[in-house]
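Asker: Before I ask anything, here is the structure I am working with.
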Amino acid sequence: VIDHPKYQKSKRIAIFLSMPDEVQTEEIIKDIFKQGKECFIPRYKPQSNHMDMLKLSSAEDMSSLALTSWNILQPSDDDTAREEALAGGGLDLIFMPGLGFDKKGNRLGRGKGYYDTYLERCMKHPRGKPYTIALAFREQICESVPVTENDVPIDEILYEDC
């Protein structure tokens, strides 16, 4: 990931805070700050499919985040001081989680459509859609995954031995 050309060129990067069953992202987040890039993380709105990408000020800033009922760390709802990526300069790159992926760029998420909805909003931003990279385990690569017309294909999937 660290050597990927898209990562190297990107200045504004959104990345998920990994759950135990996902590719772990903490070292990537530390590298984002080490390289002087800007880091944005998801804040999900329960009972909806709305998600914002809010700016982290440092890798240590992760320790100030609240744990949701889904066991995900994210900025609390009353945390209004953080920049939302689309209210500012947009994003260059989004690292995405998922449960399953196929080699055509289709992604099976957790069913709420947060990332698809967010990517639709990105397409309306002057900067346009950021490059999207899914981080996966080899076991998550499937022959095909179910898709709907609302699903936005990802640009690339990184996994072991890909």
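Glycine residues also receive a Cβ, built from the backbone N, Cα and C atoms like all the rest.
Features from TrEMBL:
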type    : residues                                                               : note
BINDING : LEU17, GLU22                                                           : substrate binding site
BINDING : ARG107, LEU108, GLY109, ARG110, GLY111, LYS112, GLY113, TYR114, TYR115 : ATP binding site
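If you look at the structure here, what lies around each of the features I listed?
Answerer: Cβ neighbour count for GLU22 (substrate binding site): 16 (other Cβ atoms within 10 Å of its Cβ, all protein chains included).
Long-range neighbours of TYR115 (ATP binding site) (same chain, six or more residues apart, CB within less than 8 Å of its CB): MET51, ILE94, MET96, ARG107, GLY109, VAL152.
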Asker: Between GLU22 (substrate binding site) and GLY113 (ATP binding site), what is the CA-CA distance rounded to a whole number of Å?
Answerer: 18
Asker: Out of these binding-site residues, GLY109, GLY111, GLY113, which one has the fewest other C-beta atoms within 10 Å of its own C-beta?
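Answerer: Comparing Cβ neighbours within 10 Å for the binding-site residues GLY109, GLY111, GLY113, GLY111 has the fewest.
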Asker: Can you tell me how far the Cα of LEU17 (substrate binding site) sits from the Cα of GLY113 (ATP binding site), in Å?
Answerer: 17
